[in-house]
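K.L.:
One structure, pasted below without further comment.
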Amino acid sequence: MSENLKEIVEEINKNDNVLIVGHILPDGDDVSSLVSMTLGLEKLGKKVTAVIDDEIPEYLLQFPLVKSKIKKFEDVEEIIYKKYDIMVILDCSSPDRIGRFEKYLNAFHVLLVDHHVTNKYFGNLNWVDPTMASTAQMVYRILTALNVEYDKELATMNLLGVATDTGFFKYQNAGVLVFKDATELIKKGANISDISNIILDNIPLEQIYLYKDVISNLKLVLNGQIAYSLLSLDMFSKYNVLPKDSPSFVENLRSIRGVEIAIVFQEYEKGSYHVSLRSKKWADVSKIALNYGGGGHPRAAGFSLETNDIKQTMEEIVDYISKTIGNLSGNLAYQ
Ligand code: 5GP
Ligand code: MN
Ligand code: MN
C-alpha cells in the first residue's frame, strides 16, 4: 500500500464525521466516487455527507443513489463548522473545482484523492496518482483497506466511475489495473450492463437533434487533425435542453478518422463557455488546458472562458493549438 493511501486510511479511521466534496461540472467518475465513499463509510457507522456545488446532469441522476446521497452547497453551509471533522475532496485537480467550498479549505483538515496529472496538491494530505484511470479506483482501494464489505449496490456505484472515465473500457487509460479492478467489482455484484443501459442507451431524442446541429457547426483544420464545434445557448433553447444535461459531443468529434484533437466550446451562461478537449493517440491536451487556466488528463482536459465574440475566440484558440501542436506529444503512464 502506498504511504499516502495508508495515511488517508488512518485519517478516515480516526474521524467519524466526514464531508465529501466533488467537483463542479460533475461527471460519472466524480459522482461514483462520492456515492461509493459515502456508502462505504456509512457501512462503517460514520456520519457522512457528500456535496457538489453544482447541478448534477440528468443522465447521472438516473442513478437513484446519486439523487439521494449528493447534497447541495446550501444544504450544508449552515452546519459546516459544527458537523464535520474532515473534508475529503475527490477527483478535483485545483481548488476552484470545488466551487464555493473553496473558502472553507482552511477551516478543515483536507484529504485530497485525485488522479489528474495537473493536480495542484491543495489538500493537507494528498494522494494523487495520475497512473490511475479513475478516482473511483482510488476510492475502491481506500474502502478495501478500511475492510468495507461490498454489496451489489456499492460495487455497481463504484464501477460507474471506472467505466465512464475509461470511455467504457476503451481509452488508452484502460490498462491492466482497470480490468483487474472491474473484474473484482463485478465479482462483488456490479453489473456493467445496468450502467451502460443508463448512460449509453438512454439518450433523450432532443440531444440527438442537438448533435445534428453540432455537426452543422463542425470545422476541421490542419489537414483534418483538429476538429472543433460550438454548442451555444441558442442551440440549447432550440431543443429545450439545459446546458448542464447535455453531453459536449467532443468524443464524437474525436471519433472522426484523421482527427487527433477535438474541441467543443459549450456556452453555459451568456458569454461564459466551457471548453472540452480530447485527443486520440499522442497529443497531450492537458498542456493546452493548463495554458488557459484549466486542467485535466493527457487525453481529456478542459477549461472555462468568457468572451463576447466566440467566433473570434475559437479561431484564436484553434490557431494557438495548430501552432503549438508539435510540442504536445507526451507519454502516458497508466498502469
Ligand atoms: P470535460 O471536457 O469532460 O469537462 O473534462 C475533461 C477532463 O478535464 C476532466 O477530467 C475534468 O476533470 C478536466 N477539466 C475540465 N475542465 C476543467 C477545468 O476548468 N479545470 C480543471 N482543473 N480541470 C478541468
Ligand atoms: Mn471528474
Ligand atoms: Mn476522474
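Just so you know, glycine gets a Cβ as well, placed from its N, Cα and C.
Just so it is clear, the model here is predicted, and its values are computed rather than measured.
Annotations per TrEMBL:
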- 17-161: domain 'DDH' (DOMAIN)
- 227-322: domain 'DHHA1' (DOMAIN)
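If you look at the structure here, what lies around each of the features I listed?
P.N.:
For the domain 'DDH' (17-161), DSSP puts the residue distribution at 71 helix, 27 strand, 47 coil.
Note on the domain 'DHHA1' (227-322): its mean pLDDT in the predicted model is 97.
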